[in-house]
Amino acid sequence: MDLPVGPGAAGPSNVPAFLTKLWTLVSDPDTDALICWSPSGNSFHVFDQGQFAKEVLPKYFKHNNMASFVRQLNMYGFRKVVHIEQGGLVKPERDDTEFQHPCFLRGQEQLLENIKRKVTSVSTLKSEDIKIRQDSVTKLLTDVQLMKGKQECMDSKLLAMKHENEALWREVASLRQKHAQQQKVVNKLIQFLISLVQSNRILGVKRKIPLMLNDSGSAHSMPKYSRQFSLEHVHGSGPYSAPSPAYSSSSLYAPDAVASSGPIISDITELAPASPMASPGGSIDERPLSSSPLVRVKEEPPSPPQSPRVEEASPGRPSSVDTLLSPTALIDSILRESEPAPASVTALTDARGHTDTEGRPPSPPPTSTPEKCLSVACLDKNELSDHLDAMDSNLDNLQTMLSSHGFSVDTSALLDLFSPSVTVPDMSLPDLDSSLASIQELLSPQEPPRPPEAENSSPDSGKQLVHYTAQPLFLLDPGSVDTGSNDLPVLFELGEGSYFSEGDGFAEDPTISLLTGSEPPKAKDPTVS
């Protein structure tokens, strides 16, 4: 309940009621014990806020809340004055609160008009600040549209690059798959070609077989790929012929069939009547082998290292004629001497006893005149042994060089090469002839190239088994075999081969023709028309 303001405290009518009541309350001397002016008159003090709220506030206001009174003072701009002694932690002995306002002064009531209540004023923006210029908006929209277009262009480019990247990855995967498959096929082809080269060169077979030229007590080892042959008589008559059953190849290597001083090749041909003459080199051993056909083995002492000689003996003349004989001359002499009569042909029969002959007329029976003997002198055993050792060393070096590359043949890989897993379009391979030639050139740098005629002439080229044993060559009586046989003697085959060329190496070393593994082209029989 508001108390009536005294006549001295009457103020202008535009002063708020709160300020008028506050002026009267502060100026009332009855309430100086609780509220009064400061000594300077610029502020007022409130003592004992609790008692002031209970006793004084209800008389002038409708409430007795000190907090509401302080809040109204703040609304009109009054500020609380804080002294130094009141700002510490120690509570002051007297509860004293001082408020001041620049226009609330003692004795100057007219200044109350200047005290205004604070109004929560929101700063009103000016219209020119709120209004945005149209050109700025247009420019902003243009920039936004431009940025949007650039973004769409970048998105399209990124999408195109993404598609291209996916296509490239798919192509890379396809190429990798094709490359792996092609590499697999190439590896299989290389392994297959290497296996062919290895089979042609007889790689991986290392033999250390004694020559057994001097050892007649031990039998030679049988060849790995041997077939049972038999030499059968056609004519049983003759000074050296004896009926005997067909013998196999095992009898050829019997210990008693090898002379103590080395094997001697002898040939018996039909000639005109001539008297035999003793040869100065030795005597003829006419011992027939057990179960063997007509064979003559001549024992002679080792000859000096020179070309073989032919000893032509006649019993009517005491002198002997020694002439240098090359294998070509020997074959030519045999061919010339066999012109009057059909040439001697070896009839080969297998283990079952079948003889391969043609329907040709047999040769006339041999006459009772003495026969002319042509014998090839024994080669020097040391020279032949050195030659075989050199060839063995060369083969070992070649095998070591080829094995150092670490080639391995996988049979399963070779079987998979022709399996249905590899389709026909995938087998588009390069030229196999050039690849095989290049691989052979790389694998065998030390081997001289052979002429193509020698390779094509042999049906079993590349499948021969080299056998380092000294085997005697047996030449049969021309009268004891059929002239219509398909197989010619060994010396007839050597006459037309490429082994005896015009070079010095071939003329001086006739053992090459005896040790080679491939067969030369067979000579045509001059007696067969």
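Each Cβ is built from the backbone N, Cα and C atoms, and glycine gets one as well.
Per Swiss-Prot, N-acetylmethionine is recorded for Met1, and the stated evidence type is a large-scale study or a structure entry.
When DSSP labels each residue, the region 'DNA-binding domain' (15-120) comes out as 41 helix, 18 strand, 47 coil, counted as helix, strand and coil in that order. Under the heading region 'DNA-binding domain', Swiss-Prot lists 15-120, citing experimental evidence as support.
Taken from Swiss-Prot, the feature N6-acetyllysine covers Lys80 (among others). In the structure as shown, the Cβ atom of Lys80 (N6-acetyllysine) sits within 10 Å of 13 other Cβ atoms.
The N6-acetyllysine annotation in Swiss-Prot covers Lys91 (among others) and is backed by experimental evidence.
Under the heading SUMO2 cross-link, Swiss-Prot lists Lys91 (among others).
Of all Cβ atoms in the protein chains displayed, 9 besides its own lie within 10 Å of the Cβ of Lys118 (N6-acetyllysine). Residues or ranges marked as N6-acetyllysine in Swiss-Prot: Lys118 (among others).
Look at Swiss-Prot and you will find Ser121 (among others) tagged as phosphoserine.
Under the heading SUMO2 cross-link, Swiss-Prot lists Lys126 (among others), citing a large-scale study or a structure entry as support.
The region 'Hydrophobic repeat HR-A/B' annotation in Swiss-Prot covers 130-203. This prediction places the mean pLDDT of the region 'Hydrophobic repeat HR-A/B' (130-203) at 90.
The SUMO2 cross-link feature in Swiss-Prot is assigned to Lys131 (among others).
Thr142 (phosphothreonine) falls within a helix when secondary structure is assigned with DSSP. For Thr142 (phosphothreonine), applying a Cβ distance below 8 Å and a minimum sequence separation of six or more within one chain yields no residues. Residues annotated as phosphothreonine in Swiss-Prot: Thr142 (among others).
Summarising the annotation, Swiss-Prot assigns N6-acetyllysine to Lys150 (among others). Packing around Lys150 (N6-acetyllysine) is summarised by its Cβ count: 10 other Cβ atoms lie within 10 angstroms of its Cβ, all protein chains included.
Note on Lys188 (N6-acetyllysine): other Cβ atoms within 10 Å of its Cβ, all shown chains, come to 18. According to Swiss-Prot, the N6-acetyllysine annotation covers Lys188 (among others), on the basis of experimental evidence.
Sequence annotations record features per position, and here Swiss-Prot assigns region 'D domain' to 203-224.
According to Swiss-Prot, the feature N6-acetyllysine maps to Lys208 (among others).
For Lys208 (among others), the entry in Swiss-Prot reads SUMO2 cross-link.
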Rounded inter-Cα distance in Å - Lys80 (N6-acetyllysine), Lys188 (N6-acetyllysine): 105
Three-state composition of the region 'Hydrophobic repeat HR-C' (384-409), taking helix and strand from DSSP: 20 helix, 0 strand, 6 coil
